[in-house]
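A.B. asks: Quick paste from Swiss-Prot:
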- SER55, HIS73, ARG103, THR107, HIS108: heme b binding site (BINDING)
- 12-162: domain 'Globin' (DOMAIN)
- 45-49: motif 'Homodimerization' (MOTIF)
- 115-127: motif 'Homodimerization' (MOTIF)
- LYS143: site 'Homodimerization' (SITE)
Amino acid sequence: MAFASASNGAVRFTEEQEALVLKSWAIMKDDSANIGHRFFLKIFEVAPSARHLFSFLRNSDVPLEKNPNLKKHAMAVFVMTCEAAAQLRKTGRVTVRDTTIKRLGSTHFKNGVSDTHFEVARFALLETIKDGIPASMWSPEMKNAWGEAYEHLVAAIKEGMKPVALL
């Protein structure tokens, strides 16, 4: 999916897209722990092999549904994703609380995250949001708004995944 970026590198996220993201995030926010957990369960349903990307899951016998480390991580990632999306238009760029995009990029690079993984996560995120809001709210425009926001976040993470050239 293509996304718009102004010539100065600022993100263009329309007022309508922002309104859709903010409205749906307001509904999901209070249940973000459970919705975030469902997001990751959907990722592992679509791509079971993605478990190896998470050090806290590699040698764990705890079922995904009950794994406290997964629940904690899933909530943090879901909240970060939604908050970054909600601020996209206001800030004109991807902003992330408690960490930096460069660190996220470095972690994703170190763990071998690929374009395919980002696509699986995009699919899982959109399905999770669709299930996390009233059916009457879900629309092609809502899907597009969240998809656009996700693509901006991924682009920022991928920028941080580039190896630093040594001079």
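Backbone N, Cα and C atoms are what each Cβ position is placed from, and that goes for glycine too.
Looking at the shown structure, can you explain where the listed features end up?
C.D. replies: Under a cutoff of 8 A between CB atoms, and with a sequence separation of 6+ in the same chain, the neighbours of HIS73 (heme b binding site) are PHE40, PHE54, PHE56.
Helix, strand and coil counts under DSSP for the motif 'Homodimerization' (45-49) come to 4 helix, 0 strand, 1 coil.
On the 0 to 100 pLDDT scale, the motif 'Homodimerization' (115-127) averages 96 in this prediction.
Following the DSSP three-state reduction, the secondary structure of LYS143 (site 'Homodimerization') is helix.
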A.B. asks: Over the residue list SER55, HIS73, ARG103, THR107, HIS108, recorded for heme b, what is the maximum interresidue Cα distance in Å?
C.D. replies: 17
A.B. asks: What other residues of this chain sit with their CB within 8 A of the center of the CB atoms of SER55, HIS73, ARG103, THR107, HIS108, the recorded heme b site?
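C.D. replies: Neighbours found: LEU104, LYS110, ASN111.
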A.B. asks: Across all chains shown, how many C-beta atoms besides its own are within 10 angstroms of the C-beta of THR107 (heme b binding site)?
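C.D. replies: So the Cβ neighbour count for THR107 (heme b binding site) comes to 14.
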A.B. asks: What Cα-Cα separation, expressed in whole Å, is found between HIS108 (heme b binding site) and LYS143 (site 'Homodimerization')?
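C.D. replies: Given the Cα positions, HIS108 (heme b binding site) is 25 Å from LYS143 (site 'Homodimerization').
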